[in-house]
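These come from TrEMBL:
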type	residues	note
TRANSMEM	B:9-30	transmembrane segment
DOMAIN	B:94-295	domain 'ABC transmembrane type-1'
TRANSMEM	B:98-121	transmembrane segment
TRANSMEM	B:133-153	transmembrane segment
TRANSMEM	B:173-191	transmembrane segment
TRANSMEM	B:227-252	transmembrane segment
TRANSMEM	B:272-295	transmembrane segment
Amino acid sequence: MNKDYLLEVNNLQVTFKTNNTEVHAVRGVNFQLKEKETLAIVGESGSGKSVTAQSIIKLISEPPGKINNGSIFYKGEDLLTKPERYFSSIRGKEISMIFQDPMSSLNPTLKIGRQIAETIIRHEKVNKETAYKRTIELLKLVGIPNPEKRIDQYPYEFSGGMRQRVMIAIALSCNPKILIADEPTTALDVTIQAQIIELLNDLQQKLNMSTIIITHDLGVVANMAHRVVVMYGGKVAETGTVDEIFYQPKHPYTWGLLSSIPKLDSKEKKLIAIDGSPPNLANPPKGCPFAPRCPYAMKVCIEQSPGIVSSSDTQKTACWLLDEQAPITDTPETARIEG
Amino acid sequence: MKRYIFQRIGYMIITFFIIMTISFVTMKLLPGSPFKNQDKLTDQQLEIIMEHYRLNDPIPIQFFHYVVDFFKGDLGMSFQFKNQAVTDIILDRIQPSAILGLEALLIGVIFGLILGIFSGLKHNTFWDYGTTTLSVIGISVPSFVFAGFMQYFLAVKLGWLPVAYWEGWKYHIMPALSLSFVVISTIARYIRMEMLEVLGQDYMKTAKAKGLPNKTIIIKHGLKNTLIPVITILGPLAISILTGSLVIEKIFAIPGIGEQFVVSITTNDYPMIMGLTLLYAAFFIIIVFVIDLLYGIVDPRIKLGGENN
């Protein structure tokens, strides 16, 4: 446990039991979060990024989910050793979360005001009146016009972007230390996405909190993050500062992700995609999970898990290409970002 | 909202008169005559009685007189009880039936909710399977079978409860229970299904992420959403209690309306049949209306009559 970090996740392993099989969704993930930092967790669907984030406040349903191993240090204490009661006291107060689909994340039968105020009443020792006053302030803060009237309305009277703003207001209602945003813009249309990102950036600076943003949108990463964790097949492929990941990526999967960003000045007519599909985590590969799709894969990649190589204080990559014996491979042209 | 309610009440009145017309005509088409069985009457006496009650007139004329009397608040005199107006008999007998029906509904809803929530939360466990089995039995076995069983075991064999009649709270237990089984089972099944559905919803995860205690999550966030579809079945359930009570009142010799209904049909007591049919019809129509209003209360997304904010 390092004192510099607000949150430190070590060797996290999460499985889900289905009928006969056990899916190893997260297989030994490590990352750290500093105060006031924005960390992006990137990866395609099924890479384990949401499960990782939800495990931090034990939001995965147990059963079928189970955290098998690892530790999550928050303020010097391992959260995974705490009883359920402790979690309900930090959820929404110390660490809060917003979700992907604002259309279904709010309770359709309760008024917006109440859905926000109940969090405040739960965690702060205030009466109803104060809680509603604070609710109105929060709605103003997240940019909802006419909050005095809006608190008496139901979710169906709000648009998708407005509902996500309400979700943000709920998450921020008790001034959390950490905000986990699980694909907060995926379900919104593009113009609204930009507004929400701007709002989150703005609020983070105002409220001095740390943010973990889970996304598969590299545009969001570039706009928000200080540091990036690239996940693949339930493992961390590469971590680094946002500049390192965009300008000096070392992992072929990161190259693949960067290559698949559409570029306006590209002469190529086709969009570049990573061939193949993610590994089946019910039966995880023993080597590097990306090896079957990796154009640079060697024999060792399939047989053994790669070790972690640090190429700077902040950048760590799990790839055999960085091994001393591996052939020297340069970042492909398509993955280079002009900066 | 006001406009919607008035409009609905207008439709309810129209429905009521359609039911009135159809019941009157079909009742007259029934074979038999209210007085033929009383063999002491001579043909001449019979003729006088038939004339007195206007039974010799064509059916449309009879119906016209019935409607006119109806608006005066007069449902006619019973044929089988001397000098007793149908309205008086109904008022006299409505109490036990209403109490029994309400008791059955209340027991049914309360226990149905408890069992349903319980088996939804503990789904795929021993308790869940037990509740499911019980509710299948409750739905498929008719109430009079339960009534018979209870009478035999609880009253005759064990002597804990009185076999029949309607004289104190002990007399209510068996009839109310036998009527409520269907309600308990149906509600338990629906709630269980809905509970499972609701537990998987995103807003339940949001509620958990807010740090709310489990009990609050289930009661404040889950229950209201599970209740919406359950309201739909309350109507048919109330109706099944009503029709069930026809038989149950007979079995337990409860001096209620249901028992009276059966007797009046077997004796062709026309004014009595009409009076009771109209009472039941009015009851059904009102229940359907109340349930529609309840929807609007429980589910804010449902706006009655296209009303605007």
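Backbone N, Cα and C define each Cβ position, glycine as well.
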Segment proximity, the transmembrane segment (B:98-121) to the transmembrane segment (B:173-191), 3 or more C-beta pairs under 8 Å: yes
Interface check, the transmembrane segment (B:227-252) with the transmembrane segment (B:9-30), three or more C-beta pairs under 8 A: no
For the transmembrane segment (B:133-153), sequence-distant contacts whose Cβ falls under 8 Å of one of its Cβ atoms, 6 or more beyond its ends: 115, 161, 163-164, 174-175, 177-179, 181-182, 184-186, 188-189, 244, 247-248, 251-252
Contacting positions for the transmembrane segment (B:272-295) when only residues 6+ beyond its ends and CB under 8 Å are counted: 8-9, 12, 15-16, 19-20, 23-24, 27, 66, 75-76, 78-80, 86-87, 89-90, 94, 228, 231-232, 234-235, 238-239, 242, 257, 260-261, 264-265, 302, 304
Tertiary contacts of the transmembrane segment (B:9-30) (same chain, 6+ residues out, Cβ under 8 Å): 59, 62-63, 66-67, 70, 268, 270, 273-274, 277-278, 281-282, 285-286, 289
